[in-house]
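Here's what Swiss-Prot has on this protein:
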- GLN913, ASP916, ASP919, ASP921: Ca(2+) binding site (BINDING)
- 366-508: domain 'RCK N-terminal 1' (DOMAIN)
- 295-317: intramembrane segment (INTRAMEM)
- 515-535: region 'Segment S7' (REGION)
- 572-592: region 'Segment S8' (REGION)
- 636-640: region 'Heme-binding motif' (REGION)
- 660-688: region 'Disordered' (REGION)
- 738-758: region 'Segment S9' (REGION)
- 933-953: region 'Segment S10' (REGION)
- 1088-1137: region 'Disordered' (REGION)
- 904-926: motif 'Calcium bowl' (MOTIF)
- 1-44: topological domain 'Extracellular' (TOPO_DOM)
- 66-137: topological domain 'Cytoplasmic' (TOPO_DOM)
- 159-173: topological domain 'Extracellular' (TOPO_DOM)
- 195-198: topological domain 'Cytoplasmic' (TOPO_DOM)
- 220-223: topological domain 'Extracellular' (TOPO_DOM)
- 245-259: topological domain 'Cytoplasmic' (TOPO_DOM)
- 281-294: topological domain 'Extracellular' (TOPO_DOM)
- 318-326: topological domain 'Extracellular' (TOPO_DOM)
- 348-1137: topological domain 'Cytoplasmic' (TOPO_DOM)
Amino acid sequence: MSNNINANNLNTDSSSSPVNVPKMDALIIPVTMEVPCDSRGQRMWWAFLASSMVTFFGGLFIILLWRTLKYLWTVCCHCGVKNKEAQKINGGGDTQADGACKPTDEKEENVAAEVGWMTSVKDWAGVMISAQTLTGRVLVVLVFALSIGALVIYFIDSSNPIESCQNFYKDFTLQIDMAFNVFFLLYFGLRFIAANDKLWFWLEVNSVVDFFTVPPVFVSVYLNRSWLGLRFLRALRLIQFSEILQFLNILKTSNSIKLVNLCSIFISTWLTAAGFIHLVENSGDPWENFQNNQQLTYWECVYLLMVTMSTVGYGDVYAKTTLGRLFMVFFILGGLAMFASYVPEIIELIGNRKKYGGSYSAVSGRKHIVVCGHITLESVSNFLKDFLHKDRDDVNVEIVFLHNISPNLELEALFKRHFTQVEFYQGSVLNPHDLARVKIESADACLILANKYCADPDAEDASNIMRVISIKNYHPKIRIITQMLQYHNKAHLLNIPSWNWKEGDDAICLAELKLGFIAQSCLAPGLSTMLANLFSMRSFIKIEEDTWQKYYLEGVANEMYTEYLSSAFVGLSFPAVCELVFAKLKLLMIAIEYKSEKRESSILINPGNHVKIQEGTLGFFIASDAKEVKRAFFYCKACHDDITDPKRIKKCGCKRLEDEQPSTLSPKKKQRNGGMRNSPNSSPKLMRHDPLLIPGNEQIDNMDANVKKYDSTGMFHWCPAKDIEKVILTRSEAAMTVLSGHVVVCIFGDVKSALIGLRNLVMPLRASNFHYHELKHIVFVGSLEYLRREWETLHNFPKVSILPGTPLSRADLRAVNINLCDMCVILSANQNNIDDASLQDKECILASLNIKSMQFDDSIGVLQANSQGFTPPGMDRSSPDNSPVHGLLRQPSITTGANIPIITELVNDSNVQFLDQDDDDDPDTELYLTQPFACGTAFAVSVLDSLMSATYFNDNILTLIRTLVTGGATPELEALIAEENALRGGYSTPQTLANRDRCRVAQLALYDGPFADLGDGGCYGDLFCKALKTYNMLCFGIYRLRDAHLSTPSQCTKRYVITNPPYEFELVPTDLIFCLMQFDHNAGQSRASLSHSSHSSYSSSKKSSSVHSIPSTANRPNRTKTRDSREKQKYVQEDRL
């Protein structure tokens, strides 16, 4: 574009020209024919520039002059006031100042009126431009938008010559620009009025932009010509872009604000500098009479500035004018510094922008859950493996993970593999904004994972409790399932007003369940493995070889499920339904949800014949997958009575009561598949029998109302608090004490160790469904300083002793007769602050290997076996019932530590490889596939991870598991413990004694007794039916010798667990049968009833035959006196301990 165009057909009458142009030597410029311009084509750029300079410097001069006069006036006035005060002091205060000064009162009134008027106007202007009000925000945003509009007009006009003749009434862009600048002028006035410091306001960037852009527009209208000039300065308004976005509440985070700030400063500087180069290069140098100009578009200048800032400098575009080159020299210094600092920081902010920001978009017809807390590769993979297991049918639930740390590459890859059902968002549940992002208000549940390996369990629990508080505060109705490490921290959850276990909120206490599982293994070895496998989803692994792994893995494939019973079972007793379901449907039902006359739900585990199946009864089944359990719901006596193949039992065409009442069954029926849980009214509150089932008359008659033997709930044995000094045994005292059939608990802990929570280990062993003489003595071996810290929770339990020492000392172990114990428990030291994971269990592994390598003199066991105190519970040596017929004949004692029953707690699963030296387990083998775990001699807290998903799909499963392993702990009892941190004793009443009438887990020997005929090649299904019909015992598994399948005899005494064997499974004489046995009211008077015997009877191959005896009514009256005399001797001995 050229500034030299020939002018033709112009009006030469100077009087008709709109402007009287002074005569001066100037370059003739071309103009359009349509616009009446100066006939001589004189440049008028100086007029536009002068308008801005005069405005700027004139205003600056006025402000400085006003400040100077104000300063002089203030100084003079101040001097006059001083003289006046001096005169008042000298003249007594009656004289007046000179006549030039007004009276004081009148002057003060005028100043106050003046200040009040100015202040009100100033405040009004401040409100108008303030972003704190709606009007101010609208005005600020409008000014910014119009500034960008003016900049766009500049971009459009930059394609025209720098100076051209344009008619204001015909040029549309000039009219729009004029309107914009009128608005800018008004806004400038408001800003000027509201400014506290007028001088700084006059010098700030936005004011300078207005000075050099607004006045030239009015000059353009007057001269009928346009000059691009300094209109590019409007680009500096982009610096305020971040402020505008903050006013609109779009930018909220510091990183986003910083990013927008850097980008806006960089772009505005870039565009402004490009505008200056465009101006000088297209105009030329004034001292060269504008002859050295070059034609550059604005965007070519933008390109030139970019290659200059980046130090590339291709040379294809460069500055020719002196002004342009001089500007480039200084711009390179500043531009290069800005480019080198701003661009990397911008890239870093963009690169660090949260990849997992955004918000969750709910899918119609699909529920979602939020998982938070301890999110790592291990915890997430374990959770997903169980939650998305194929045996759960189609899980139509999306999993949303929320964590404040972005996932590493391995975890990110895991999320990508499950991208159809898993999403990850970076954030914190403590932030309500992040909770809104994951749509917590519409989530079906929120699951909180805990770090099981943290160094400070109390701190981890506190973090999870705060997460619960935050989530419940945001949405009180959300269902929360959280993991807790310490039992005593569960009490804090009860303080949250919206926490309601009846609505589905659950706290899975890992210490409570872990120690409960171990405690049950003291009563029925191997039970911890069986229960852990039942609530964990495992795929079936088929092995053709006839090895112990084949039978173990067949049982591992079983899980716990719930399903509603068909109306065909209504009216039948629980044992009758159990037998029918097992024999015909190939299912094992162990419990039901029972509604009392008050419509209160309770879960009954193996109730007796008195419980009849109601309509809509929920059954708890052990099966290999959810499809098999549906047979219990589809079963129809008319259609399926003659079917022998259970796979053919499917929904029939009969009109069923369930179909007539869909509102009763349908809402709950699908809880397995989609997580639909029971309604609040159906949440079971207790796992005990009907309250009407009170003890028999004999038990009530023998009840001593003045003695507190049980806690206030009647669920546990209780005794008055004992001082710890009274239960401490020295090594010599322990050696002199007759200890047999007891439980030795080895503890590695010191005064600084985190508390294990030994109460959770002792409570199941002190459940009230055991008679007092059946309770196993518990001996703790460990640091006295640590045990003192735990004693406050243990001092109300009977038959507890402490031997200060170390489990690594063989002398301490011999002192407690470890070779005669029923179980040796080795608990982890909780040393989770060790970097090497393999060393976390070093004490437990060393203690286990130390015990297994010990040798014992058989004569000691024989001598002690001849003493009365060695008599195992459930056997009377003076009774004729003590015969091989009942399987309680005492065998020679253990001579090697390898035969001592041990269960070892491990922190790190991989350390299980060090426990058994004769196994061939690979270090990468999963825990449940290893020999120590299959045999029930090792337990790790990691197996409890599966309870999170199991509880979500069915909260009754957690209630069932908790009752089985804790001995009967209920929410009411937890509230009581939270109040006092100790069990409270209570008097025996028919109501509390009724709570003793509940099932317990035991083991049944097949070597002799009523089932001896089935032990040698018999059928497991026949044993199941016989035990159920005769003794109301519900069998659910086998504890078999590891080498029982071999044709040649083996000296190995290790056993493994077989869960829910099929009906035709062949039995061997050495098998021990897991069973749920009823509470025997008469066992308190006669110890020849079916009771749990000392498990030292199976700890060696010679003693594997006797665990339980079968009730015998013969000679019962004759044995009562003998038992009473022996009980007196034992009570005296217990007091001494």
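Even glycines carry a Cβ here, placed using N, Cα and C.
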Stretch among 572-592, 636-640, 933-953 sharing the most Cβ pairs under 8 Å with the region 'Segment S7' (515-535): 933-953
Helix-strand-coil residue split for the region 'Segment S10' (933-953), DSSP-based: 15 helix, 3 strand, 3 coil
Intrachain residues whose Cβ lies under 8 Å of the topological domain 'Cytoplasmic' (245-259), provided they are six or more past its termini: 131, 137, 140-141, 346, 349-350, 352-353, 433
Secondary structure tally of the topological domain 'Extracellular' (318-326) (DSSP, helix then strand then coil): 5 helix, 0 strand, 4 coil
GLN913 (Ca(2+) binding site), number of other Cβ atoms within 10 Å: 20
Cβ neighbours of ASP916 (Ca(2+) binding site) where a neighbour is any other Cβ within 10 Å: 20
Folded-back contacts onto the topological domain 'Extracellular' (318-326), same chain, C-beta under 8 angstroms, at least six residues removed: 277, 280-281, 283-285, 288, 292-294, 304
Helix, strand and coil counts within the region 'Heme-binding motif' (636-640) (DSSP): 4 helix, 0 strand, 1 coil
Positions on the same chain near the topological domain 'Cytoplasmic' (195-198), where near means CB under 8 A and six or more residues out: 63
DSSP-derived structure type at GLN913 (Ca(2+) binding site), helix or strand or else coil: helix
